[in-house]
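Copied over from TrEMBL:
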ACT_SITE  Glu108  active site, proton acceptor
ACT_SITE  Cys359  active site, S-methylcysteine intermediate
BINDING   Cys128, Cys132, Cys135  [4Fe-4S] cluster binding site
BINDING   Gly183, Glu184, Ser217, Ser240, Leu241, His242, Asn316  S-adenosyl-L-methionine binding site
DOMAIN    114-354  domain 'Radical SAM core'
Amino acid sequence: MSEIKLVFDEIKPKKKAPEHLADLTIAERRAKVESLGLPAFRANQIATHYFTHYNEEPNSWSDIPAAMRPLVAEHFLPKLLTPIRQVECDKGKTRKDLWRLHDGVLVETVLMRYKDRTTVCISSQAGCGMNCPFCATGQAGLTRNLTAGEITSQVVAAARACASGELPGGPTRLSNVVFMGMGEPLANYNAVMKSVRNIITPQPDGLGIGARSVTVSTVGLVPGIEKLTSEDLQITLAVSLHTPDDELRDTLVPVNSRWKVKEVLSAADKYVAMTGRRYSIEYALIRDINDQKWRADLLGRLLKNRHAHVNLIPLNPTPGSKWTASRKEDEIAFVKTLEKYGVPVTVRDTRGREIDGACGQLAAANKA
Ligand code: SAH
């Protein structure tokens, strides 16, 4: 089946993005520094500027000799993201950044400041090949995978915005990263894992964000979940289930024709067994499509003995969509039913709706 083949095809950019510090392991950074004729300790300085000070301008680095800076800039810090547009809402506490990549491709990032945390929602691919009919990104198809450098740079830009006090409320620390922007992270596995390592490795070699504060969200690519399990990291796994029955899921999440609900949940259960981390079930509530009482009952029965938490997302209708969010009373009834089964459940807020920065609304390619 062609749509399945897409899942593990490596979609390469026509011209590869220039190699960046964030594409390399710690050992590779050192080796590259030495191959350029520089002492190995420079690798540590470069990493410190990037991961600790979020400074991507070697011209301003006073601990590197001026004559050496252009070489360092060219080989370790090529500009991967060019800011194109920034839109805000919630009095600036939610902000969407549109970036252009080296080959003209566009991706989006959403930064959200809450009372107790600041979260960045990043893209792992330009577009997405999973074709979920209710998701704006899914409508445009997949353009290409992002590199680890392109993914990590979105997080570094967010960390810098937080530290420099760009968000209302003064300087703060970027505390959470969610792979819930454009793309299916497990279909770009290697680059995503490299960027996860950059995010969770302590400073100065990484950003030092706690693994538990990093969430990878997937449509349910079982081999990808299995691979992730074998990494034995403390990151949070989110599974976009959207309905407990295969019949409807085959249409809402087309990849379900390959990996059924039971297989996806059993892969997620193994993730719990390995990591001890409860997973999250993402469920977009769509009026009269997947919000019936009987579906809530079925979901409750399916999850009651599992270590899962349900995150209900009121559907953000995409332009031209025939679907809309559930009625408030149906949403409340859905929550109550799940609670009856003892399944932990929350309803996600709809931050960023007015700027098309909310869940499932990222579709940069259409709007440029
Ligand atoms: N491909 C990954 C991550 C990207 S989307 C995944 O599917 O998990 C992040 C979440 O937003 C997913 O749960 C996705 O199903 C949900 N989503 C997509 N479109 C949406 C919409 N229009 N309204 C509400 N949630 C949506």
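The first residue you see is number 1, and the count goes up from there.
Cβ coordinates come from backbone N, Cα and C, glycine included.
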### Query
Here the binding-site residues are Cys128, Cys132, Cys135, Leu241; which one has the lowest number of other Cβ atoms no more than 10 Å from its Cβ?
Cys132
### Query
Looking at the recorded positions Glu108, Cys128, Cys132, Cys135, which ones sit with their CA no more than 10 Å from the CA of Asn316 (S-adenosyl-L-methionine binding site)?
Cys135
#### Entry: Alpha-carbon spacing, Glu108 (active site, proton acceptor) to Cys128 ([4Fe-4S] cluster binding site), which is rounded to whole Å
13
### Message
So if I measure Cβ to Cβ from Gly183 (S-adenosyl-L-methionine binding site) and keep only same-chain residues at least 6 apart in sequence, which ones fall under 8 Å?
### Response
Ser123, Ser124, Gln125, Ala126, Gly127, Cys128, Thr137, Leu142, Asn145, Leu146
### Query
Does anything in the same chain, at least 6 positions from Ser217 (S-adenosyl-L-methionine binding site), have a Cβ under 8 Å from its Cβ, and if so what?
Val178, Phe179, Met180, Pro185, Ala238, Val239, Ser240, Ser280, Glu282
### Task
Report, as a single number, how many Cβ atoms besides its own are within 10 Å of the Cβ of Glu184 (S-adenosyl-L-methionine binding site).
29
### Query
Of Ser240, Asn316, which of the binding-site residues has the most Cβ neighbours inside 10 Å?
Ser240
